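> Could you have a look at this structure, given as structure tokens, before my questions?
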2 protein chains.
Amino acid sequence: MDSLNIDEVNCQVKGWLKEARENIIHAFGNPLSVETKSSRVDLVTNMDKQTEKFLVNKIREFDPNAKILGEEGFGDNITNLDGTVWIVDPIDGTMNFVKQKDHFAIMIGIYENGIGKLGFIMDVMNDVLYSGGPENGVFANENKLDKPENTSLKDGLLGCSSPMLMMDYNHLQTIVKHSSGARVYGSAGIEFIHILRGQEIGYISHLKPWDFAAGKILAETLGITVKTIDGSELDMLQSANVLIATENAQEDILKLLNSF
Amino acid sequence: MDSLNIDEVNCQVKGWLKEARENIIHAFGNPLSVETKSSRVDLVTNMDKQTEKFLVNKIREFDPNAKILGEEGFGDNITNLDGTVWIVDPIDGTMNFVKQKDHFAIMIGIYENGIGKLGFIMDVMNDVLYSGGPENGVFANENKLDKPENTSLKDGLLGCSSPMLMMDYNHLQTIVKHSSGARVYGSAGIEFIHILRGQEIGYISHLKPWDFAAGKILAETLGITVKTIDGSELDMLQSANVLIATENAQEDILKLLNSF
């Protein structure tokens, strides 16, 4: 398509995510096929692959000219953000999905020439779809979300990657000690949801584009900063150490890091 | 009372917890009064106090001879476990309650001459009451829970206290690296719930009696071990570094610790 019709895309994607969610829940009755990727704790299942294929097919049918970046590789080999780019994470939090059957999300971010237009995070087990973008605001199902309070680091909980927390990456332990405490939920999507709802003031983790593509659009729409941990812009085609935070918490964290 | 009538106590306590839950949810509309206790991140609110007073009054009315140990001090000064002892945590996860309005629990454990009889963990925001004990099994609302699988350390997620994880207390980082990963939920009650449901293989934290009194009864009923981190029995009147785990995960962790 030449330019996104936001309402039409919104309506279409919501239907796909509803169907993808139902497929995942029905699949809980069947044995799961689990493989490892880069390490013992980097998992992929038949349902990650099946869900990505399902979404990629829907996108291609709806928008044949779209470029698609998908975690499991059923999309395209993308080298730039020209045109409409759909970034898909079929199951974010695969470890939680496998071990907990809870606390995971389906995520889609849609960019036009590098500009975030619409983001979708489906909290599968709670059946809540977070959706929206700069043109229409952010919704939890049908309820429009207010901007979360611009809370300082000391007054809020900080989502963390546990490997980073353990290795004290970039003084993360000091940052946590200046906050109200650390939380580790094991899914970028679930962390983004807590930030959108004002339940965390931020999240620090090493993320891939599909981990932050949808959440970045939703979070920025609500005044949350989504940058690298040193405050630079994210490259939507590269992994990065990402800091998602309220403006005040980001400022507090950058100040702390500069004091070392 | 001389000896607990399990069915009667069950029925009574469920009614109190339903009422306590509704009071807490209604109070979200009013300003919260928050004070600190032992540190900047150890909080107590008017709702912790109000909920404990409410429960203590109900217990005294129902069982005038009972001894009560409550987190906020409205119970008795208890020096032994003779007779019937009610251990009450009015809001477990007060930081989550204050910052997230989610992920907190009301907990009651009932002991007779030191033997756990009935435990209750009310997941307030999900409106699920985990209840039961050795005589009747464990229920999530009306649904009887199966024993969780006896999963090994390497195959499951491990709930952690974030201060212990950061300071690598008792080689906790090594333990985590041998698991499927760490999670930090910030509430012992919420961690117990994940273990009861088979969503975590264990939890390691420094806990006070009211943090583990209810969960110990429920977990042990489902074959989960609840001991100190070196495998000793817990003293129900003392704080301890607690390891809650499947039998296999406990064995794996003790083996790992003995290798140092």
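Just so it is clear, glycine is given a Cβ too, placed from its N, Cα and C backbone atoms.
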> Can you match one of B:Asp168, B:Asp211, B:Asp230 to the Mg(2+) site that TrEMBL gives for B:Glu71, B:Asp89, B:Ile91, B:Asp92?
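For the Mg(2+) site that includes B:Glu71, B:Asp89, B:Ile91, B:Asp92, TrEMBL also lists B:Asp211.
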> Here are the binding-site residues: B:Asp89, B:Asp92, B:Asp211. Which has the lowest count of other Cβ atoms within 10 Å?
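So among B:Asp89, B:Asp92, B:Asp211, the binding-site residues given, the one with the fewest Cβ atoms within 10 Å is B:Asp211.
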> Check B:Glu71 (Mg(2+) binding site) against DSSP and tell me helix, strand or coil, would you?
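Once the DSSP labels are grouped into three classes, B:Glu71 (Mg(2+) binding site) ends up as coil.
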> Long-range neighbours only, meaning 6 or more apart in sequence with Cβ under 8 Å: which ones does B:Glu71 (Mg(2+) binding site) have?
B:Asp48, B:Glu52, B:Val88, B:Asp89, B:Pro90, B:Lys208, B:Trp210
> Specify all same-chain residues, apart from the site residues B:Glu71, B:Asp89, B:Ile91, B:Asp92, B:Asp211, whose Cβ lies within 8 angstroms of the center of the Cβ atoms of the Mg(2+) site, ordered by sequence.
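The answer, listed by sequence position, is B:Asp48, B:Val88, B:Pro90, B:Gly93, B:Thr94, B:Ala105, B:Ile106, B:Met107, B:Ala188, B:Gly189, B:Trp210.
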